[in-house]
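Read through the structure below, which is laid out as structure tokens, and then see the notes.
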């Protein structure tokens, strides 16, 4: 299995059973109204490309290019993204991330560490994370925001490829603002997850889940009010200048449509 | 957001103390209970109209369906909306007025904080059965409202509401001839159950209307201000 | 202090306002996701392992003496739904009243002064347990159990479910309650040294969605 899915490009540090790789990107205001990228380091399966922004505005756009499928069981991948004061950094990915089983049956770890300074904006809009049958992935996303930082962050979890049973997936999303917790939530699905995950309180058979977090200092004065977005999504103002949109659906496409519509409405 | 609240007085009282945390006298609290459809909310509305010019008033409703009675009072505009609070009871008004009065105590304290000072708070129970009475931790006096249409044997049957309420109101006396209820029998049975406790026969459609009940409330208020 | 204080605190008749809340069951019943004993059990198991675990951990940490204001902020961050935050604070305030009358304690007074409109209920519960001389695991058990007994008794009223079936559901969930209480107490122990980030943050998307839908109903039986 590993041989099929691990091409020659697996060049990260191989330690223990799996591979360790870290990608880093740092963005700085270039002083001319734009954003420079003094650090843009990919490693192993985590390749980073500076891409053209859709709007051509002052932001720098970086695309995470999947050099391979993964992570596999036992791997430990880390992405670190920092937007320094006044910078605007948009990060997306070229393709969905597939959590795949490893040889030894160990879990894979994927850590995302985001830091946004005063007056900076970071948009983290990757493609979906798909939990493939028999895989086991622990995703941890931690965002540290300065009080005047802006954030748009989307995460989507898909339980299995089309018609496939899911692997085990846990995904913790922590957003701190000025050192205080703003959002902290963990989703845990699939075989071996604590009981009831597919029941009427948690997923009720839905196979795709998505979160969209928008943090804007101006919400401190006035922000959106709580509102159901159709039957299977909701916009909730957090206890701080931020909103969370939560969506569930039978498939990834419908979750994406809901989150895209919500993002347009918030813009 | 909770930092905004002033800390100039101590934490709220934990029971039915007659004094508020700042030492001032709290409002007199009168409960109105009784079976469904006997005219509790109509009596509350009439009391508000009769007393609102002389007393600073507020109402707490305990509805089965969330805000039904509160909505009625709002539609009737008997008080400004900020003086009417609905407590949600989880389908059990008697629990909220007798066994677990915590939500009602929050409601009366919030009313005193937000629209006070108040002289009188009427706490209305959602329609319940003959055993439903208010906790002494919640109200200072209670009115039990029955009606002639529910059968003239209700006073004879007794039950805690009929027997122990500080005032028994037999409502809708204008309907007695139509439903075959004998007011004299009801009066005699009530006397037998309640000894010296007062009973008022009331028709809100009559000229007298809520007058006798309002007069009883005034007496309670006078006694409260004299004692507390 | 007596261990029997736990029975007083965990008693469904403890006058702290829980009877008016369904823990999301009213919405799940109306939406057709809970229709009987089997789906109630699945609902309760999911709730227990998500928001129930979080609540039990907060309660255990408060019982251990972790700063209640930090725990309250951690509870806010773990409760995206404003309707659920309002319900948790309302219940916290009601529990505070009952706890102060039952087990007077300066730490309860201080928390009531800090949060006059109510701290999150699990934080108050943990501090009430502490005031009653109980330990973190006691607090976790109490929180975890009420997190399923509330929906179960609400469902008896909402579906006219056979009360013996509902009680059977609670009995079958006992091993899950054991596991959750143990995990919660362990996490609370870590929070003493590592801070509140060490507490679980398990969430249930449909409880969040359902709470906001429920809050918008014009007519409902339960407050949440």
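The backbone N, Cα and C atoms fix where each Cβ goes, and this holds for glycine too.
What TrEMBL records for B:1-10 is compositional bias 'Basic and acidic residues'.
Look at TrEMBL and you will find B:1-31 tagged as region 'Disordered'.
The domain 'CobW/HypB/UreG nucleotide-binding' annotation in TrEMBL covers B:30-200.
Annotation source TrEMBL lists GTP binding site at B:34, B:35, B:36, B:37, B:38, B:39, B:40, B:41. Sequence-distant neighbours of residue B:34 (GTP binding site) (same chain, 6+ residues apart, CB-CB distance under 8 A): B:40, B:125, B:127, B:128, B:132, B:144, B:145, B:146, B:161, B:169. In this structure, residue B:34 (GTP binding site) belongs to neither helix nor strand by DSSP; it is coil.
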Message: Helix, strand or coil for residue B:39 (GTP binding site)? Use DSSP.
response: coil
Task: Around the recorded GTP site, report the further residues of that chain (criterion: Cβ within 8 Å of the mean position of the Cβ atoms of B:34, B:35, B:36, B:37, B:38, B:39, B:40, B:41; site residues excluded), sequence-ordered.
output: B:127, B:145, B:146, B:147, B:171
